[in-house]
Amino acid sequence: MIINFSKYQGAGNDFILIDHRDSELKNLDNSIVAQLCDRRFGIGADGLMLLKQHDDFDFEMVYYNADGNLGSMCGNGGRCIVAFAKHLGIIDSETNFLAVDGPHYAKITAKGNWVELQMIDVDAISKDDDAFVLNTGSPHYVKEVKDLAKLDVFSAGKEIRNNDTYKAAGINVNFVEDKGDHLFVRTFERGVEDETFACGTGVTAVAMALAQKKQPGYIETPVEVLGGKLQINFDYDGDIFTNVFLCGPAEKVFEGEIVL
Ligand SMILES: N[C@@H](CCC[C@H](N)C(=O)O)C(=O)O
């Protein structure tokens, strides 16, 4: 069986995308996903997505982490699958699609490769010592640090992700340094079990956690990640974050065929 795929990246968070609408591919074994995402024995990616037909939405997004397991919501993956849907001619510049955490609206701006994805509303942020814990479609731990460029994010993130509190369900671990006019964020991702170049639900969680220090209102948060720049916009009334948009580039890198 030959399966066509496209490789996309959003701020360096990279994904294999497969149009599953009339694909011969019925079920995707977890071990095959893990092998395709492997950077030495496969195509290489932080995750894999299937674009599926859906009766009530433009399409459905099914997301697997690089370890082969079905993941929770992936923000950068969501932005990339919107660009993929546009490439396939399924949508024009706006879409409503379904993901694991519910319906999402997104728009592609005139610049072409810039995708603004609406994320779920968030009304709960808890504390773990001096860190914040919240769910933006995926679970996130957010810790402010100094001199983030020098931090060993792999070791520090791995230790938190595997401590007694988080080991069973796992968590994505974000470290943030406030640079004044923007935030610098680095993330150890559950399911990749490594630092990635960007995490969309992660930077969204970071922007919300740090917005608690600000006056309520409409807040725009520019973020620098290892793979580029993202921006998070939302309304914050002091308790709840609504109209949340994750904005950034989503670009096709190459396409090819998988022989299964
Ligand atoms: N890279 C993602 C997050 C993907 C989900 C995550 N690894 C998990 O299952 O916890 C993003 O851009 O949000």
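Glycine residues also receive a Cβ, built from the backbone N, Cα and C atoms like all the rest.
Bear in mind that TrEMBL entries carry predicted annotations, made automatically and left uncurated.
As annotated by TrEMBL, substrate binding site applies to Asn13, Asn65, Gly75, Asn76, Asn172, Glu189, Arg190, Gly200, Thr201. Listed in sequence order, Ser72, Met73, Cys74, Gly75, Met119, Thr136, Gly137, Ser138, His140, Asn172, Leu246 are the same-chain residues six or more apart from Thr201 (substrate binding site) with CB atoms under 8 A from its CB.
As annotated by TrEMBL, active site, proton donor applies to Cys74. A coil conformation is recorded for Cys74 (active site, proton donor) in the three-state DSSP classification, outside any helix or strand. For Cys74 (active site, proton donor), the count of additional Cβ atoms within 10 Å of its Cβ stands at 30 [all protein chains shown].
What TrEMBL records for Cys74 is active site.
Summarising the annotation, TrEMBL assigns active site, proton acceptor to Cys199. In the three-state DSSP assignment, the secondary structure recorded for Cys199 (active site, proton acceptor) is coil.
The secondary structure of Arg190 (substrate binding site), as reduced to three states from DSSP, is coil rather than helix or strand.
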